[in-house]
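Notes to accompany the following structure.
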Ligand SMILES: CSC[C@H]1O[C@H](OP(=O)(O)O)[C@H](O)[C@@H]1O
């Protein structure tokens with residue numbers, strides 16, 4: 001397999017490495033990944049995270065195992081096991097479906113390696129296309145609010161929603177970003193703040209519960225978020241707290257955009273209620289990020305509700321920014337995603 005380099009995923013010298021996003025921003029640590037079990041643990045603990053990136057990390061591992069000589073049966077099981085790791089982000093299922101097609105080819109090793117390289121390079125191009133279309137929606141001086149992390153860390157390219165913000169900054173649009181810290185795992189406060197600082201893009205970190213008053217004070221011009229799965233009717237799942245922002249944006253008449261590659265679109269999923277929502281461990285809510293259980297502020301036996309995602313209905317979305325174009329509610333109601 002060729003050398004493949006992304007911000008949090010790389011394949012060099014026959015070695016697959018992933019950046020531990022759980023330790024960011026204070027420590028950059030790379031894990032060399034050699035097994036399905038290890039990759040499943042990395043994905044489940046969100047050391048490897050981000051809808052596109054999860055699919056690509058699993059893909060590169062399957063291709064690596066094929067080159068290492070694993071049998072077709074072992075590779076088929078690896079694909080099944082990796083696909084089952086997290087249920088919401090459809091990019092993982094998209095990638096594993098592509099790898100299953102490669103696996104039935106006569107020269108399946110070459111087919112798996114070629115597919116992995118294709119999917120990786122495809123995501124780089126999809127990010128560039130989304131970012132360009134998204135940046136065109138940004139006006140000079142915009143204050144843009146974003147949620148969770150959708151940057152280069154979460155993709156093979158420059159990111160989805162944050163990629164559009166990055167591109168707008170590159171175009172000298174002098175934007176400012178409100179960064180939702182994104183409880184409970186703080187992908188915004190830890191990762192988006194980290195990426196924006198590295199790109200020298202002005203930002204202000206806020207708690208999630210501060211977004212509403214900023215909107216009321218007319219301090220937010222647009223909202224850009226990512227997606228983990230877009231249903232055929234335009235409803236979409238994204239990090240929990242996204243729905244809050246969509247309702248608030250509607251009330252305050254603020255443009256609300258979802259930015260995602262076509263690999264996040266699930267045409268077989270009729271609407272948002274059919275999207276499986278991952279439920280996660282209570283420790284993430286009652287502990288401090290990076291030290292789960294070591295510093296619990298809630299009663300240790302507190303009953304906790306911890307869905308990783310929520311669903312935003314299409315009627316709250318101003319536009320869907322995909323690599324193939326920007327789609328309006330009218331487009332989506334006309335069935336453009338079906
Ligand atoms: C471009 S990443 C899309 C999506 O994935 C993130 O979820 P997680 O951090 O749990 O992997 C988040 O929902 C992002 O918006």
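Placed from the backbone N, Cα and C atoms, the Cβ positions cover glycine too.
Here the structure is a predicted model, which means the values were calculated and not measured.
Record note: TrEMBL gives 49, 50, 51, 86, 238, 239 as substrate-binding, and the candidate from 2, 187, 198, 283 in that site is 187. The maximal spread of the substrate binding site, taken as the longest Cα to Cα distance among 49, 50, 51, 86, 187, 238, 239, is 17 Å. Between the CA atoms of residue 148 (site 'Transition state stabilizer') and residue 187 (substrate binding site) there is a gap of 5 Å, rounded to the nearest whole number. For the recorded site, residue 238 (substrate binding site), the DSSP three-state label reads strand.
When each of the binding-site residues 51, 86, 187, 239 is scored by how many other Cβ atoms sit within 10 Å of its Cβ, 86 comes out lowest. When the recorded positions 49, 50, 148 are compared by the number of other C-beta atoms lying within 10 angstroms of their own C-beta, 49 comes out lowest. Taking all protein chains in view, 29 other C-beta atoms sit within 10 angstroms of the C-beta of residue 228 (active site, proton donor). The shortest Cα-Cα distance between residue 228 (active site, proton donor) and any of the binding-site residues 50, 51, 86 is the one to 51.
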